[in-house]
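**Student:** This structure is in structure tokens; I'll ask about it shortly.
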Amino acid sequence: PHQIYNVTWVITNVQTNTQANATSMLGTLTDAYPTLHVDLCDLVGNTWEPIVPDLRGWASYSSSKYGCKTADRKKQQQTYPFYVCPGHAPSLGPKGTHCGGAQDGFCAAWGCETTGEAWWKPTSSWDYITVKRGSSQDNSCEGKCNPLVLQFTQKGRQASWDGPKMWGLRLYRTGYDPIALFTVSRQVSTITPPQAMGPNLVLPDRKPPSRQSQTGSKVATQRPQTNESAPRSIAPTTMGPKRIGTGDRLINLVQGTYLALNATDPNKTKDCWLCLVSRPPYYEGIAILGNYSNQTNPPPSCLSIPQHKLTISEVSGQGLCIGTVPKTHQALCNETQQGHTGAHYLAAPNGTYWACNTGLTPCISMAVLNWTSDFCVLIELWPRVTYHQPEYVYTHFAKAVRFRREPISL
């Protein structure tokens, strides 16, 4: 749930099937709910432009003082109240009221409106958005001068946005209230490009550990030059680093573990076996104390997806905890912080991760943490290497004194 996506919210004019606004941001699926801005004329287009032919057959505009064709109409449109009715959940409307369909703007009866800018202040406790009138600096209305501000409610932040949701907007005026239909939809894409399923890049590197060369390097001697001409210098050829196989990489892990153990407790390395585990989990989290960074926008370190998998049960030690830690896991916490309110991102220091109850992440979204009642521990990720006394390993290779035989058949 803490994964960062590229989230784009699109407002579409249904009648003309044109995009009225698109707003993109980086965030999680829990906190990526920005304030959307759109102009009323982008929702309306030319649908509020009734054209009536005059007596000569020429097209002329009607006397209606609304629409977006001319500056004076857009200016007059600012004075009209408007109200918005949802069409995405007709069953949640007022009981006993028929709100109609798209041809009515889902506002066939009073009481169906859930938001808007009108003297009776339409409101709702269950709809997903609020739509209010914004402020415009274009007094001449030569450009866009009917801004609307769309915000998501708490119900909207909890809703499923798998598909577009529709609303109807109507002007409140004497006579017929014109209708504008629009949808709000969410598009989600990953930051990193998708990884191909194959081929497996590890398989070509499955090589045994390279053996140490037993022969020392020999320096060849040359006879002195008989002529006086100086020998030509040959430029040394530069070779790139040789790509080591999986065997060498695994051996390097064990050797690194040995060096760390020998530096801290040399008595344990006199006679021992260090073994990599052969089944998951291949890693272990060590809880640590550290200073995280608090960001209002996700930093680049939050955009990567950890390739490793780890659960809280594979974390040991004591470190920094964020969130509400249950009693069963308080032993992991040397220091506990409640975090922050609002849309903040807590980025772990370089080389560390947050081990949360919901998985491993380089970054914590406080919106997700507060919404899910999750908790996280700051950890370093280390490969699991088991330590064995020599006797334990020798027993696996020593032959038994007596072997089990088949019972005698009579």
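Glycine residues also receive a Cβ, built from the backbone N, Cα and C atoms like all the rest.
The N-linked glycosylation site feature in Swiss-Prot is assigned to Asn6, Asn21, Asn227, Asn262, Asn267, Asn294, Asn334, Asn350, Asn370. Taken from Swiss-Prot, the feature disulfide bond applies to Cys85-Cys107, Cys99-Cys112. If you look up Swiss-Prot, you'll see 210-230 marked as compositional bias 'Polar residues'. Sequence annotations record features per position, and here Swiss-Prot assigns motif 'CXXC' to 272-275.
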**Student:** Which ones in the same chain are close to Asn6 (N-linked glycosylation site), with CB under 8 Å and 6+ residues apart in sequence?
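**Tutor:** Same-chain residues close to Asn6 (N-linked glycosylation site) (Cβ under 8 Å, separated by 6 or more) are Ser24, Met25, Leu26, Val188, Ser189, Thr190, Ile191.
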**Student:** Starting from each candidate's C-beta and looking 10 angstroms out, tell me which of the glycosylation sites Asn294, Asn370 has the most other C-beta atoms.
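**Tutor:** Result for the most crowded candidate: Asn370.
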**Student:** Which entry in the list of disulfide-bonded residues, Cys85, Cys99, Cys107, Cys112, has its Cβ near the fewest other Cβ atoms, using 10 Å as the limit?
**Tutor:** Cys99
**Student:** On average, what pLDDT score does this prediction assign to the motif 'CXXC' (272-275)?
**Tutor:** 90
**Student:** Comparing the glycosylation sites Asn262, Asn267, Asn350, which residue's C-beta has the most other C-beta atoms within 10 angstroms in this structure?
**Tutor:** Asn262
**Student:** List only the single closest residue to Asn21 (N-linked glycosylation site), chosen from the recorded positions Cys107, Asn334, Asn350 by CA-CA distance.
**Tutor:** Cys107
**Student:** Which of the listed glycosylation sites (Asn21, Asn334) has the least company, meaning the fewest other Cβ atoms within 10 Å of its Cβ?
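**Tutor:** The glycosylation sites Asn21, Asn334 were compared, and Asn334 has the fewest Cβ atoms within 10 Å.
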**Student:** To the nearest Å, how far is the Cα of Asn350 (N-linked glycosylation site) from the Cα of Cys107 (disulfide bond)?
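**Tutor:** Between the Cα atoms of Asn350 (N-linked glycosylation site) and Cys107 (disulfide bond), the distance comes to 55 Å.
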**Student:** Can you see whether DSSP assigns Cys99 (disulfide bond) to helix, strand or coil?
**Tutor:** coil
